[in-house]
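Trainee: Copied straight from TrEMBL:
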{"type": "DOMAIN", "residues": "A:4-49", "note": "domain 'Transcription initiation factor IIA gamma subunit N-terminal'"}
{"type": "DOMAIN", "residues": "A:60-101", "note": "domain 'Transcription initiation factor IIA gamma subunit C-terminal'"}
Amino acid sequence: MATFELYRRSSIGMCLTETLDEMVSNGTLSPDLAIQVLVQFDKSMTEALETQVKSKVTVKGHLHTYRFCDNVWTFILQDATFKNEERQDQVGRVKIVACDSKLLTQ
Amino acid sequence: MANNVSSVYIHVVDDVVSKVRDEFINFGVGENVLNELQALWEMKMMQCGAISGTIERPPPAQKPAGPITPVHDLNVPYEGPTEEYETPTAEMLFPPTPLQTPIQTPLPGTDQSMYNIPTGPSDYAPSPTTDIRNGVDLKAGRPSPYMQPPSPWMSQRPLGVDVNVAYVEGRDEVDKGAPNQPMTQDFFMMSSGKRKRDDYSSQLTSGGYMPQQDGSGDAMIEFILPKNQAGVGKSMTACARDTATKILSKKETKTAPVLPQQDGVHDEYDDLFHFQGVATEDYNTPAEQVELRAATPAVGTPKPAKNEAAEDDEPPLNEDDDDEEDLDDLEHGEEEPSTQHLVLAQFDKVTRTKSRWKCTLKDGIMHLNNRDILFNKATGEFDF
């Protein structure tokens, strides 16, 4: 089953990738196993986001760049505002990467 | 809220660990390794502030907002220390070739020190030849073979280029350029877009491994290049052609030209070369890029020559002015990973009406202002 590798770019994903890299570099772990761990991470992360998270967010901003390639949308916003139930964040510049949700359920 | 995010992350960690436990056992690696993995992972997450210290599972006492490890650039897939990489360019796609200069055949007027840059297949174990070379002439800042594991093929140049002659010309430039490369030595191939062409090509040639034994090898080289260009990235092509040009121009003074020189020294090439090096957001001159990617020099040269001629007659078009702004914007953004805010999600729908964009996203992780926020649904409205 194909997985979305995009969550590997998050903080938790990067920490995992770094850890796996270190362990593979010093020979503790084989690369195959490391890849399996990453694939499992993709699945677990996706599932956790679906089931464990319930919040809703709105985003507003100026769209500086948009790109749609390989079924992935990439937006670069400027002066964006992110609102959710608890707080509001303003950022000068943010990149949004979004994969097609329909690809997973096929 | 932060606690909530932490708890989700902890849940993910536990889930992953429990599901790979069987794999680890099957592989015969053992649970110790798995536990070590989990511990390291959690420790890193605490260091970068992804988890807070207050969770059911007793973590080692650390401040949640503790020293925040600079998060690597999240915009590219993690492939090792990304700060040392420029945007992966075609150089990364080099077919790793096992070829190596077996014999150093110094031409009159050249130095053995040019082979200082190792081209051996094993780049982090010193090979005997490498040692010799390093012993011959070890200058500060010379690319060393002991760089990052992911790129052992970086210093191998599959070009059939006369390295001896061209290197002499560019040698001074390499020396000047050496202090610039403390960290990026083995990656000068990849950072070609950022470097001066001269630095790049001279390093290129010095990293090459095809010794030219006599002057009549020029014809050979010209023909080798097209073959190699098929397998080689586009900026390599430009440089190879460039280096070939240098060879030709030098050789012509000694012997009757074997092949007519097709290129002059273009200034235009610098601009075009920059385009090739920088991958993103290049709204400009796509046609020229395609031209330069073409395999043979014959195809590529009329275009730059034409541009040069055009610019001589008319005022410069200044096409690059805005490009620089865009590129600087994006590059600076990507060079500041800690301030780069990022949202990773799945999209359900993206629509646009005139310049008003609307999208619905789901299941996302947001990293804003150094904190992580998760969402199940998001709606966006952007003005282009």
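Note that Cβ sites are derived from N, Cα and C of the backbone, with glycine treated the same way.
Nobody curates TrEMBL annotations by hand; they come from automatic prediction.
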Trainee: Considering every residue in the domain 'Transcription initiation factor IIA gamma subunit C-terminal' (A:60-101), what is the mean pLDDT value?
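Mentor: Averaged over the domain 'Transcription initiation factor IIA gamma subunit C-terminal' (A:60-101), the predicted model reaches a pLDDT of 94.
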Trainee: Going by DSSP, how much of the domain 'Transcription initiation factor IIA gamma subunit C-terminal' (A:60-101) is helix, how much is strand and how much is coil, in residues?
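Mentor: Across the domain 'Transcription initiation factor IIA gamma subunit C-terminal' (A:60-101), the residues distribute as 0 helix, 36 strand, 6 coil.
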Trainee: Per DSSP, what is the residue count of the domain 'Transcription initiation factor IIA gamma subunit N-terminal' (A:4-49) in each of helix, strand and coil?
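Mentor: DSSP composition of the domain 'Transcription initiation factor IIA gamma subunit N-terminal' (A:4-49): 39 helix, 0 strand, 7 coil.
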